[in-house]
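First the structure, in the form of structure tokens, and then the observations on it.
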Amino acid sequence: MSSLRNAVNRRVHRERDQLQERKGRYSLLEKHKDYRLRAQDHNRKKAQLKSLKKKAEDRNEDEFYFGMLSRKGPETALSSGSKKWDGTVAGDRGNKGLDIDVVRLLKTQDMGYIRSVRNVAMKEVRTLEERVIALGGDIDNLNENGEDEDDMDLDFDFADEPSAKKKSGSKTKKIVFADRQDEREDKIRHDIENESPEDQDEDLDSENPEKLRAEQKQKLLEKLKRRLQNARKKQRVLAQTEQELEIQRARMAKTATIGGVTSQGRSSKCERGSGKRIPYKA
């Protein structure tokens, strides 16, 4: 039976065609086989991205090869070996440099900031000098290579120093419990006999407030001198930086406004009104 059924002529199966107007407007209609190819390509790319992401997470941050560099520096037509050499740098993104006027304006703003910081440093130096002089110190013979001092508030009144020292360095009182008066006196006498020499010296210092005040005054004077050294050093560095920025800004002007040194090592100056450099006459 099956052989007879298979022997009957059957219509050949063909994929349904598209309308001619739709084919010209939307191109070919996607069939199932086309979808399978597109899905396989999508899954393959997704798996590749997943593996690359995993590799990036597990990479060694200290690993470095020179091939990782995307910028190799400028080359010449001879070294590149190409007749179409255009002078661009490998890895250059095409960022344009700032105009000379813009750079000059930025240097002007930098110079204004440095000048304001230097004014603050000058006020600090002047205040520290006044405090050192008030304590009887000398501000002329200071070593410029002083060590850094922590910024702490050293303003306090000398009249309150003995009481403050007494509060901070005083010993804690011990309460003695005794049944009779003679036992209490014996315990106090025993504590006095066993008192250490350091405690006795502290008691003598507390009884001599003038000596204690002189020591604290000397410590404060040393700290103020170290802070004054650092403030003077900061002021000197800021002044040099401001001078260098002023020279750079003057050299970037459209006309020559400052002297310089030629390639032969000769000094030159600018002639007023002309902008031309003329050598110095020895």
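From the backbone N, Cα and C atoms, a Cβ is placed for every residue, glycine too.
Annotated features, as they stand in TrEMBL:
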- 14-25: compositional bias 'Basic and acidic residues' (COMPBIAS)
- 145-160: compositional bias 'Acidic residues' (COMPBIAS)
- 165-174: compositional bias 'Basic residues' (COMPBIAS)
- 176-193: compositional bias 'Basic and acidic residues' (COMPBIAS)
- 194-207: compositional bias 'Acidic residues' (COMPBIAS)
- 208-218: compositional bias 'Basic and acidic residues' (COMPBIAS)
- 1-25: region 'Disordered' (REGION)
- 139-218: region 'Disordered' (REGION)
- 257-282: region 'Disordered' (REGION)
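Through the fold, the compositional bias 'Basic and acidic residues' (14-25) approaches residues 31 of its own chain, all at least 6 residues removed from its boundaries and within a Cβ separation under 8 Å. For the region 'Disordered' (1-25), the DSSP counts in helix, strand and coil order read 12 helix, 0 strand, 13 coil.
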